[in-house]
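These features come from TrEMBL:
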type	residues	note
DOMAIN	18-277	domain 'Major facilitator superfamily (MFS) profile'
TRANSMEM	21-42	transmembrane segment
TRANSMEM	54-78	transmembrane segment
TRANSMEM	90-108	transmembrane segment
TRANSMEM	114-134	transmembrane segment
TRANSMEM	155-178	transmembrane segment
TRANSMEM	190-209	transmembrane segment
TRANSMEM	243-265	transmembrane segment
Amino acid sequence: MKESVVTRKQLTMQDAKTLSLSSLGGALEFYDFIVFLTFASTLKVLFFPAESELIATIMTYLTYAIAYFVRPLSGIVLAHFGDLIGRKKVFMFSLFMMAIPTLCIGLLPTFESISYLAPILLLTMRILQGVALGGEVPSAHVFVTEHVPRSRFGIANSAIAAGLTFGVLIGHFVSTMMSLSFTAEETLSYAWRIPFILGGILGLLAVYLRRYLQETPVFLEMQRKKSLHSGTPMKTVLKDFRLQAFIATLSTWLLIAGVVLVLLAPNLMKSDMFGMD
């Protein structure tokens with residue numbers, strides 16, 4: 001008889017495949033999400049009016065930040081659909097929704113070509129990226145948690161977190177290689193598009209690979225028993241898991257501090273407003 005995920009104690013080869021593909025997809029998706037920031041100084045010049053350095057800088061970082069405002073709402077909505085149509089479908093959708101806007105950013109005309117329509121389109125793509133990441137992170141954690149034995153929850157979820165963090169490393173590595181391979185003029189002319197187009201293509205490849213993932217045993221059991229959750233997951237969380245939700249919310253402050261120090265601060269310090277090299 002096939003051993004259920006509840007009674008198993010060890011990770012199987014299928015579990016390892018699930019963790020690998022989930023983490024890889026998360027890394028590529030987070031790369032797509034933060035590569036905008038690694039090229040913020042370039043995008044500022046290309047997509048915003050040059051009359052005011054301060055305004056252009058503020059608009060660039062607001063465009064980056066808008067995705068973070070969209071993420072919570074997206075997570076709530078996509079979690080609901082994950083309970084209705086399946087974890088795998090939402091898991092694939094979130095990655096697809098990240099890959100397409102990233103690819104589109106790499107193909108967008110600049111402010112010089114279409115004036116104020118350029119920053120509007122850039123903002124739209126960032127909103128779509130926020131929608132995607134809002135579904136990716138919670139979907140990834142739920143997906144692997146429902147695949148592995150309870151005794152391996154920590155390993156599974158840390159693999160997802162490591163994959164997301166690895167995406168940040170990839171973003172900075174690509175940025176460094178770009179600065180070594182192209183001059184400032186070449187970057188402004190065409191080379192800035194390469195990381196976005198590359199990220200979009202790799203993201204679509206990851207979507208294809210996720211086709212080989214299996215739906216979670218928990219959701220399949222819910223389907224079999226016809227006990228799919230029809231309510232809103234957020235209502236359930238606030239009703240039955242208030243303390244856990246409060247602790248989780250507080251813990252995100254550490255993540256926010258990391259985002260500011262590791263991602264935002266270096267680019268901001270190198271801007272003309274601060275003049276640091």
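Just so you know, glycine gets a Cβ as well, placed from its N, Cα and C.
Because the structure is a prediction, the values reported are computed rather than measured.
When each of the listed stretches 21-42, 54-78, 90-108, 190-209, 243-265 is scored by C-beta pairs under 8 angstroms to the transmembrane segment (155-178), 21-42 comes out highest. Predicted-model confidence for the domain 'Major facilitator superfamily (MFS) profile' (18-277) is 86, expressed as mean pLDDT.
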